[in-house]
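These notes are about the structure you will find just below.
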Amino acid sequence: MSFTLAIVGRPNVGKSTLFNRLVGKRLALVDDQPGVTRDLREGDARLIDLRFTVIDTAGLEEVTDDSLQGRMRRLTERAVEMADVCLFLIDGRVGVTPSDEVFADILRRKNAHVILGVNKAEGRAGDGGAIEAWSLGLGEPIRLSAEHGEGMDDLYHILRPIAEGFAERAAADAPVVDVDVPEEEADLEADPEAHKPTVKHPLQIAVIGRPNAGKSTLINKIIGEDRLLTGPEAGITRDAISVRSEWHGTPIRIFDTAGMRKKARISDKLEKLSVADGLRAVRFAEVVVVLLDVEIPFEQQDLRIADFAETEGRAVVVAVNKWDLEGEKQEKLAELKEMFERLLPQLRGAPLVTVSAKTGRGLDRLHAAILRAHDIWNRRITTARLNTWLGAMVEAHPPPAPGGRRIKLRYMTQVKTRPPGFVVMCSHPDEMPDSYRRYLVNGLRDHFDMPGTPIRLTMRGQGDKNPFKERKFRTPSRLRKHLGKKD
């Protein structure tokens, strides 16, 4: 699991030069004029055997928020909140300036991992700056020369244990998804207790929403605390913070995104970063709650995240907040359902719940909808039931006959859960039109009561390996029994 490193500091301390060295390309403009970098630049960095994302930021400057430099500074502060690690650079030839002291204090408050680097420290010219750097209270500084590549080994040895810690937490945070259904269990009903949330394995929920949707208020109401950040448990990244709690007897772990807590209207780049934070939180979740503001529902950002959750195979629940402020409730509800079906057809039937995070009304319904979505996400259907259903579907609406050759659907089985995944053995799978696939997926939703959850349907030909490919058989097949052979 990679991590994110933000390079921050005053203008013209060598941030872009170091960025270019780490990514191995000249992606950032380098100039002696302060403030050349006016935006955030991301790149894939390599440092010996470490792989991580590096962000080159605009220079931190003490300026008014109304100026271009003010917007650059806010963008940099945003990057600091996003990053897992911050490398704070000062100029070893200039030494510590009052601005360095101010921003060292900001970094201590905003990021858990801050590395102090003294750049341009090659030779005796950087000795004074390296000694002065101790006064910033950020621990032992490392001497660097981004221009000549000096100090990269020291940076590696500091980043290595941090990277290992993030990798361990990533493994602990990641939910179990795309679970194989063993062949010998394909004809067995699933045990409903097998996926029931426990204290050891709580139900993992990501609440995603725009800053004014009331996300923090909703989470605070669910966990019963006044502040979201009261005793938070750090997740894999600074922007993914998880809180463990119990909700109506259900052990839960709610992932919140720091990046979407604050207004991100500074620039288009900030808006993109906020969306990126939300997308990262989706990967930690089993169920994603997309929180909408009843006054401005289904904006582009909401649709992108809901679509991404479906693509990632997560269960989705849509919650419409501030319902207590709505006057024409019945008309509004009908309008919301129509918009949902039209804008997100791939999530047809997903629960849409109205809530008031402020008063707590509707949270019982939200809890029930989340549990039901989680249950459907874990649903298993026996092969016998699937093939009975498939026969009825084919009889009601036979597959097309491209080029005069009728596509024959011979056999169907479920091969995965979390989300449900099915394989249909058929002739000419490459010629199966998308419209017929949608017909089967919608039929699965309706007949087996699986609204809203992502459904994966794969067509395989007679020459393909069987649906349980690359798995060892525990019992002899009927054909091998007939031939008198053993597996």
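Glycine too: its Cβ is placed from the backbone N, Cα and C atoms.
Here Swiss-Prot flags 3-167 as domain 'EngA-type G 1'.
Per Swiss-Prot, the feature GTP 1 binding site maps to 9-16, 56-60, 119-122. With a 10 A radius on its CB, T57 (GTP 1 binding site) counts 26 other CB atoms from all the protein chains.
Taken from Swiss-Prot, the feature domain 'EngA-type G 2' applies to 203-378. The average pLDDT for the domain 'EngA-type G 2' (203-378) in the predicted structure is 80.
Swiss-Prot lists 209-216, 256-260, 321-324 with the feature GTP 2 binding site, giving sequence analysis as the kind of evidence. Annotation note: W323 (GTP 2 binding site) sits in a helical segment as assigned by DSSP.
Annotation source Swiss-Prot lists domain 'KH-like' at 379-463.
Taken from Swiss-Prot, the feature region 'Disordered' applies to 451-487.
Taken from Swiss-Prot, the feature compositional bias 'Basic residues' covers 471-487.
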Cα proximity to N212 (GTP 2 binding site), best match among binding-site residues G9, T57, A121: T57
Helix, strand and coil totals (DSSP H, G, I; E, B; other) for the domain 'KH-like' (379-463): 34 helix, 20 strand, 31 coil
DSSP three-state assignment (helix, strand or coil) for G209 (GTP 2 binding site): strand
For G9 (GTP 1 binding site), the three-state class that DSSP assigns: strand
Minimum Cα separation from W323 (GTP 2 binding site), reported as the residue among binding-site residues G9, N12, K15, T57, A121 that achieves it: T57
